[in-house]
Protein chains: 2
Amino acid sequence: MEARNSWRFVLLLALVLLLTWLHLPSLPNSKFHSRWYIPKNTFYSSSPTYHHLESETPQHPLDPLTIQEFNRVRTILSSHPLFKSSSSYTLNSVVLEEPDKKLVLKWKKGDPPLPRKASVVAVVKRVSHVLTVDLEIGHVTSHETGLVSGYPMVTERDLYGVGEATLRCPEFNNSLAKRGLNLDDLVCLSLSSGGYEKLEEEENRRLMKVQCFSKEGTVNFYMKPIEGFTALVDIDSKEVLAVSDDGKNIPVANASNTDYRYSIQKLRGEMRLLNPISLEQPKGPSFSVDGHMVKWANWEFHLRPDPRAGIIISQVKVRDPDTSMLRNVMYKGFVSELFVPYMDPTEDWYFRTYIDAGEYGLQSMPLNPLNDCPRNAYYMDGVFASYDGTPYLQPNMICIFESYAGDIAWRHAEATVASLNVSEARPKVTLVVRMAAILENYDYIMDWEFQTDGLIRAKVGLSGILMVKGTTYENMDQVNLKRQETAPGESPRKSYLKAVRKVAKTEKDAQIRLQLYEPYEFHVVNPLKKTKVGNPVGYKLVPGATAGSLLDPEDLPQKRAAFTNNQIWVTPYNKSEQWAGGLLAYQSKGDDTLQVWSNRDRGIENKDIVLWYTIGFHHIPCQEDYPIMPTVSSSFDLKPVNFFERNPILAVPPNFEEDLPASKAHDSA
Amino acid sequence: MEARNSWRFVLLLALVLLLTWLHLPSLPNSKFHSRWYIPKNTFYSSSPTYHHLESETPQHPLDPLTIQEFNRVRTILSSHPLFKSSSSYTLNSVVLEEPDKKLVLKWKKGDPPLPRKASVVAVVKRVSHVLTVDLEIGHVTSHETGLVSGYPMVTERDLYGVGEATLRCPEFNNSLAKRGLNLDDLVCLSLSSGGYEKLEEEENRRLMKVQCFSKEGTVNFYMKPIEGFTALVDIDSKEVLAVSDDGKNIPVANASNTDYRYSIQKLRGEMRLLNPISLEQPKGPSFSVDGHMVKWANWEFHLRPDPRAGIIISQVKVRDPDTSMLRNVMYKGFVSELFVPYMDPTEDWYFRTYIDAGEYGLQSMPLNPLNDCPRNAYYMDGVFASYDGTPYLQPNMICIFESYAGDIAWRHAEATVASLNVSEARPKVTLVVRMAAILENYDYIMDWEFQTDGLIRAKVGLSGILMVKGTTYENMDQVNLKRQETAPGESPRKSYLKAVRKVAKTEKDAQIRLQLYEPYEFHVVNPLKKTKVGNPVGYKLVPGATAGSLLDPEDLPQKRAAFTNNQIWVTPYNKSEQWAGGLLAYQSKGDDTLQVWSNRDRGIENKDIVLWYTIGFHHIPCQEDYPIMPTVSSSFDLKPVNFFERNPILAVPPNFEEDLPASKAHDSA
């Protein structure tokens, strides 16, 4: 019998995007007709550039740590007792410790730099430590441990070390040999164990599960899992604690039609559907990037790569056309956590409840120029610390580009009084900031999109490869998701999601009332600041399509990912409450999460607040997702509501033929 | 006191898009690796072209009536007793009567043309008549009247006639004079009366309400309403039945800052935020338009302008990469109805419950080249009949273009095994078919978007101008929509929507659970046809953000627009059930609507079915919408689910530098 790769499970994917709001400022009283122009480009290239990063110095209090600063952190830590006395430790996270918000808000270009600090999370002798390193005075100024459960993100060394240890394990190798598998063909993935507290092995040690795949005949080894066969490994001691082999020896799928590379497709005959199409800007782009400051049209913000959140956007400001002043919109915005519980309660699958940002970090490979981003894109590199604190470069991690899809920013034609001869329309051009986080098989495309009318869209796209399960054949029909309880002892998971079938048999069966009959709008306003007409200034959150988690609230992964219990949360600003699944999410007990903070029920009225929004996807795979998934997206918007006195893009000109590129679109038609 | 234009009301907008499904065909057994190429362009121009429409003959059974055919309909009708004996009639709708679906499906290019028929809806002596004119045999072959309540769409002559009659009415003019208004400054709009059956005047006569505006100092007269002052007019007799003047004489707002035209903005100082940006295709576009057949990439469909639906898309087919055969996806798709109840129960506003397609038709002015559509667009004209059947041209009514926003069709980079050196991504290019329907102040941008991966997106954008109400000042704060009952006798409307205020005071207040915890997927499958793996082939409906109507179900406009009671409906295919609010929607009693048909509870399993989806917007205006609204959009997707054997765009090549235009993007940077 040949094993079929069919898909019995449902993937629930929930991201929370954290947005910190400022008290929205008032409109200045002075009103004058002023205009502004496209900023001068200080950096721009159509092909990736590598800066002289070694000599880089921070230009802004929120700039990420520089190579020099990473090296200084290493030097300072090497003389700290915690690290001096231990021959084995990992620095799981070394990032900028942001100065206090009020200092950052006060700081202006030209001011003396604010003191620089690094926040370090390390594992030493199986224990998590959180330290602050003051780069000015050259000392560790804060050191905490044992306050909350859990461990930091794993390092690359953790992942590789676990894989190597597994392949050296005789029991593991015997099982492989019994299945007739060749070690050289294998790829073994180190998977977060999910942190099920009832498993005794998980107490006080960092664990990983290992599953292997065959890369024989394809780069798409995800399609060739060695099923029913996992190892449990201690990350720190590299000890293989258990090898689980269900003995079913489900054969590995064959490699045919799994490779997605162009080089392979070309051999089989490529499918050229389209003539080339490109976004062209004959006068160059309309944005500038100066260090980490981005200026475009009426927007200005600080942008930095982050090893956990991917992209952090700060001090987002928009220019008011009435006063030509920049106004604060959002202090900080980033993806706080990402929860991916696979919906399969069996031994080899129940633990797959990834909390990706906190367990692995939203890491990126270099973006593919011309294909991940259009030709008019600018690329920004990331500099991060490896497990021992050595800095390394993540090139082309973020791209920034202007997007024009042919859409309309606003329009009206006057049909009622045709003699007025009115037909006005303005093209919609946006600025996109993008990264693509790769979490093994899955690719998450994260976009922050800015519109000239003041709207900010946060969009998440899913692509990449499904994690398939070798199983006996089962196909799908119309589906109806609902929670499925497991029988006692059946699985460590209390509940899961199962696609069950419901066929609409009559017209009335198909009269389905979506549960959207309690319409709300969610506004963030500053009641102390009003427009001239007297409306409090604000922004509203416009949710997009989303999905809730159907896990049992008592399941430990759900406790950790309790941010998925609501789509919207609001908390008072607290600099330390940043990671919805906890700073130390790995195997945590859920004692340091958004749910825990929010349960304190603190006041939020007339406070500096944090808005949390959860985007969700239920992904029920289908054949079109094989061998690589077409992108599926969801988004939400932050839209100005009585923030401006009127439509802020009323005065922008339309497109004129003479402004567009000289090459005619149809010169070969 | 100066009147302020503030916005007390909420607009609910619901569209229903009707999609007729075919039994999805099986995959042919033969499998061969075949490829196809970009179709030859038979028509293309970067600037609008006017065809030699006079001599046009139909090339496809679904092609719209030609100029010659319209003239023939007029000739045939002129000898019909109904029209011969009446000196006064209006032809409210003259369109193609589609041949039976089975005949259309059988027809192939080169076959003899199917018999051509016209469907005519006329009002003769206050009575609605529905006729079929057979163009072959030159006779009226069907004539129905009195089966259902209601009247057809109004004609331009109706609208102007009502306006003229009002301005001749002494009582109306006296009221205007008392307000000190100059007739030459006025624009009077003929507004559908809403068809409230309790108003005795509405029995057996077509009525309109008239409201006037001052265009003094601006083309944006919508911002200068003459408030508290309407007339009720008999459309057919042109009699002014009532003039309502609340005597409050709220002053007309001044014109400052209301004009949105570029010519005016330029005088005040334009705001040039961006360098030009353009979609360029150095080798020309990848689509062809042959008559009304559109071919692009792996898609093929028939496209025709319609005076009521705007755009009708038919016989949508996608090419299967495994077999290179075209496969049916959708027989017909169009906007069936559009319901716009303003949420204000007062005398001058309660009746504003527009059912826009059925009352006015989704009519378009010519699209604005370079601004409504990008430069690479092709434009299609519409030919329609005026009130006496004379054909007229609606130039540049629909545009077709390829869109590239810089998005990603699919991607994966292999980070787990870096030595594999895999980084594959494909740019996402789509085909957009667009029109912009203008319904007095409001502009609806209707897009049908096709993706190469088999997905179809139907998108509606809202722009244009708010219908404002002159009122004493009231500003807005955080809002919470809910149904508000009117007191008995307070208003002809039983319920409306009121924005009331709710401030979240604590963190728990802000833990808001969106009602999306019953996740469903909505699939249309053909259980008789399976993929090779054995899954029934199908498409799923992926809803976007939407909104439900909060009107009382016993309110007559809500009965007529009962399609808003559900987001999704499925009915068995019935050629005559096309218009969700009834064929004769104007002042109808709601006796011929989707709700009525669906209540018959016919079987839909293993039937040729029709899927209806309602998109909804709650539009609570804000200052940014003034004086012209930035576009707000919503959409839904039709996504292939086990329709293809695998990702259908696996073999498409990535972008290569040498394929893109020669002009570098940063040559002036």
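Every residue gets a Cβ built from N, Cα and C, even glycine.
TrEMBL annotations: computationally assigned, not manually curated.
The shown structure was predicted, so the numbers you read here are calculated from the model rather than taken from an experiment.
Every protein chain shown contributes to the tally, and the Cβ of A:Asp356 (active site, proton acceptor) ends up with 26 other Cβ atoms within 10 Å. In the three-state DSSP scheme, A:Asp356 (active site, proton acceptor) is classed as helix. Taken from TrEMBL, the feature active site, proton acceptor applies to A:Asp356.
What TrEMBL records for A:Tyr442 is active site, schiff-base intermediate with substrate. In the three-state DSSP classification, A:Tyr442 (active site, schiff-base intermediate with substrate) falls within a strand.
According to TrEMBL, the domain 'Copper amine oxidase N2-terminal' annotation covers A:60-143.
The domain 'Copper amine oxidase N3-terminal' feature in TrEMBL is assigned to A:152-252. DSSP assignment over the domain 'Copper amine oxidase N3-terminal' (A:152-252) gives 31 helix, 31 strand, 39 coil.
Residues or ranges marked as domain 'Copper amine oxidase catalytic' in TrEMBL: A:279-475.
Summarising the annotation, TrEMBL assigns 2',4',5'-topaquinone to A:Tyr442. There are 23 other CB atoms within 10 A of the CB of A:Tyr442 (active site, schiff-base intermediate with substrate), with all protein chains counted.
Taken from TrEMBL, the feature signal peptide applies to A:1-22.
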Statement: Students should find that the Cα atoms of A:Asp356 (active site, proton acceptor) and A:Tyr442 (active site, schiff-base intermediate with substrate) sit apart, in Å rounded to an integer, by 11
Task: With DSSP as the yardstick, break the domain 'Copper amine oxidase N2-terminal' (A:60-143) down into helix, strand and coil residue counts.
output: 22 helix, 29 strand, 33 coil
